[in-house]
Amino acid sequence: MTELEFNNNTDVSNSVTHYVEVLIPLALPRNYTWKVPVEMLHLVQPGGRVEVILGRNKKYAGIVKRLHTNKPAAFEPKEILNVLDDAPIVFSQQLDFWEWMAHYYLCSEGEVMQAALPTHFKLSSETVLLFNDEAGDDFSHLDDEEFLVAEALSIRKELRLAEVQQLLDVSHVYPVIKRLLEKNICLVWEELKHTYKEKKETFVLLHPKYMQEEALAELMNTWGKAPKQLELLLAYLHLSKTEGQVTQPELLKKSGASAAQLKGLVEKGVLLTEKRSVDRLQQLPKEISINFQLTAVQELALEQVKKHLEQKQVCLLHGITSSGKTLVYIRMMEDAIRQGKQVLYMLPEIALTAQVIRRLQLYFGGYIVIYHSRFNPNERVELWNKVKSGEAKIVLGARSSLFLPFRNLGLVICDEEHDPSFKQQDPAPRYNARDAAIYLASLFRAKVLLGSATPSLESYYNAMQGKYGLVEMTQRFGDIALPEIELVDTKNIRTADKSKPIITPALQQAVEDCLTRSKQVILFQNRRGYSPYQVCQSCGWIPHCKNCDVSLTFHKLQNKLVCHYCGTTYPPVTVCEACGNHHFTQQNFGTERIEEALQEIFPKARIARMDMDAVKGKHAHDALIQLFEQHRIDILVGTQMVVKGLDFEHVALVGILDADAILGFADFRVNERGFQLMEQVSGRAGRKGEQGKVLIQVRNTSHPVLQFVRAHDYQAFVQTELQNRQQFGYPPFSRMIQLTFKHKLQETVVAAARQMADWMKPAFGHYLIGPAAPVVNRVRNQYIMELMIKLPKDLHLLQQCKDQVHLLTAHLHQQQPFKSVVVIPDIDPL
Ligand code: ADP
Ligand code: ZN
Ligand code: ZN
């Protein structure tokens, strides 16, 4: 294993002038160079931050990428002002990773750095500091300069860095701020994240003196009166064994005890209660306790995975839903951390639920840390440092956890590897976390395990070609059969207003059956809101957003029309703007409408909705999952959110309400997405006990994807779909680059896109598709054009094309009319 500390620079000769290449968290066309004053030379190190001036007077904390002695020929560099860190905040692997990402995804290293670093590490003249109210007013431990700033902050509550400069000797500002941040006196304001509220819950713990088994046995053997308290204690011990952490409400509910009884035990010094953040796990003991046995099938899969990974860097685990992939991951992770390596376990953000966290924490306790976008800045820094020091062994996170400063990564697990949300859309870097993880792992010679019940065609093709190892698990745990799938033809079902039926008689019957048997139901619709649009009954006019070229969705609860592209809301229309008619019908239906229909049909059932409107924030999502888990909800209606990797015991029926909407997109990936979505939703049915059932409501019953879903035949699906892709030259048989052009004038954006295409034609004419306006060709008052480039698989050609795009974009921006056209390259778009 490589040693990751950087060489310190004690041996460099002081007589030659030294320079540093510094990364600044901005979209700059290239990296800039500064001169190192002799007296700072021994302090400068790659991965550490320095304070520099950019332009006339903008200051930044940048990261040193490289220390060298090559004087730039064209200009005289300025000197760095301060060295901020005595230890690097990232290792060489991260710097290499950033460089690769910028090159591969056509953005600047500064943009990657911007995405990678927690806000607290990114200081600039624009930074706004906030006083941390939790810091109190005892500043006696601060030095004079720190005190000055702290006092000003405690009075003013916030200060710009530029204002701090008026308080202090200019040359000291950044180091002082850095120390105040480390001492938690202040925070850096973050525009998007300032609504974060940590969720606290009361946890129950065993008093440390009873952690020893003998002490506990002694206590129970000599238990006097209060049998109820003893019962409560036993319930606690049971829960802590099965769940890891025990919350007070959960304990009281499961034990049937009262709060007073719990208080009694706390007063006796047997149990403790503690308010803590639900996401924080550091109090758990650092120990591994794997208390399950793999089945023979799983054991074989594990052996095969290990074997492949001896030869190959990447292995794909294709295991049907509920085959126990998580257990195979757990055993792989165990191996890695026993060898002293770190593990990154990546999941799509929505799948990162308390359910998954609890499950893993049961086995790995305090070795696990969690990273997601809803952490506050302090927590992010804390976590950053834990990963850097190696204290955190397993990081469970969404795509951005790739950027954490791992020091000896040994294994990356990418669960639900097919999931489109691994792709970052906006802003740059527009990376695919699955693909980037493979590169990151290679920098550490680490192994990668991709897992899914419905692998992406890219990964499966790579596995078929022998580039990745391939292991398949085709049996559900407990040998439960995959759910039976039935198509409900909606073509001939008439509703009163001739709209699409929401809940067909067949589905209604099936739901009723479930409810009488005390089973749970999940209904899936890929559309939120009440009805996707209102349509004028006489002329067909549909209200559109004023800023975007899309129709508006009616949300009944808010009684508003909402644009799902820009978020603008409008009052519902009562008069047609085209013909003056007063009558509108609602066409199609979203989750809100389904919920309403269900309430009418099943007035006694407990119904809940899970979508972006009903579930704001991670905790609401988790709370709903928990309610459903505890069977306090009978029917769950939801969008994508209900699909992701959840494991419920009592779901006997899944309904897919409008498969035509899933299969109707004009995109070459539509079949793949449709298959994945339907197979994954189906996978939530009948995971424990009896076989589940899935009803799919659809008009186009002969759509080929439906036949594959019905048979749960991934292989046949892949064979057919790969043939299609090959015939039309789509990935995985080609590589795509998408260029998006945006401008507020339509003529300008069209002309710019055409100009670009013309310039590309000589070398890449064969491979261009478009330019063309996308289906939604105006968003937030900007017109949009797209140019697709579909290249044969040839790394050299791909590189050539990226270079051209880079060059020609700069060229385009030099043309007067196109100066302000935004050009966004997207490599391997989804
Ligand atoms: P997948 O991720 O493949 O969909 P999971 O790992 O969630 O499947 O497993 C499905 C369910 O079966 C889980 O509740 C899991 O705890 C249980 N399970 C799977 N394998 C075993 C095993 N070997 N021992 C005990 N429980 C298992
Ligand atoms: Zn009309
Ligand atoms: Zn809009």
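In case you wondered, yes, glycine gets a Cβ from its N, Cα and C as well.
The feature domain 'Helicase ATP-binding' is assigned by TrEMBL to 306-473. Per TrEMBL, the feature Zn(2+) 1 binding site maps to CYS536, CYS539, CYS576, CYS579. Annotation source TrEMBL lists Zn(2+) 2 binding site at CYS545, CYS548, CYS563, CYS566.
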Original post:
With a radius of 8 angstroms around the mean position of the C-beta atoms of CYS545, CYS548, CYS563, CYS566, what other residues of the same chain does the Zn(2+) 2 site pick up?
Top reply: LYS546, ASN547, VAL550, LEU552, HIS564, TYR565, GLY567, THR568, VAL779, ARG780
Original post:
Where does the mean pLDDT land for the domain 'Helicase ATP-binding' (306-473)?
Top reply: 92
Subject >> Cβ packing number for CYS539 (Zn(2+) 1 binding site), 10 Å threshold >> reply: 13
Subject >> Listed binding-site residues (CYS536, CYS545, CYS576, CYS579), ranked by Cβ neighbours within 10 Å, top entry >> reply: CYS545
Original post:
Applying the rule Cβ within 8 Å of the centroid of the Cβ atoms of CYS536, CYS539, CYS576, CYS579, what extra residues of the same chain belong around the Zn(2+) 1 site?
Top reply: GLN537, SER538, GLY540, TRP541, GLU577, ALA578, GLY580, ASN581
**OP:** Name, in the order they occur in the sequence, the residues of the same chain whose CB lies under 8 A from the CB of CYS566 (Zn(2+) 2 binding site) and which sit 6 or more residues away.
**Re:** CYS545, ASN547, CYS548, VAL779, ARG780
Subject >> Listed binding-site residues with Cβ under 6 Å from ligand 3, out of CYS539, CYS548, CYS579 >> reply: CYS548
Original post:
Three-state secondary structure of CYS536 (Zn(2+) 1 binding site) from DSSP?
Top reply: strand
Original post:
Of CYS545, CYS548, CYS566, which binding-site residues come close to ligand 2, meaning Cβ under 6 Å from one of its atoms?
Top reply: none
Original post:
What is the Cβ neighbour count of CYS563 (Zn(2+) 2 binding site) at a 10 Å cut-off, with all protein chains included?
Top reply: 21
Original post:
Counting across all protein chains shown, how many other Cβ atoms sit within 10 Å of the Cβ of CYS548 (Zn(2+) 2 binding site)?
Top reply: 22
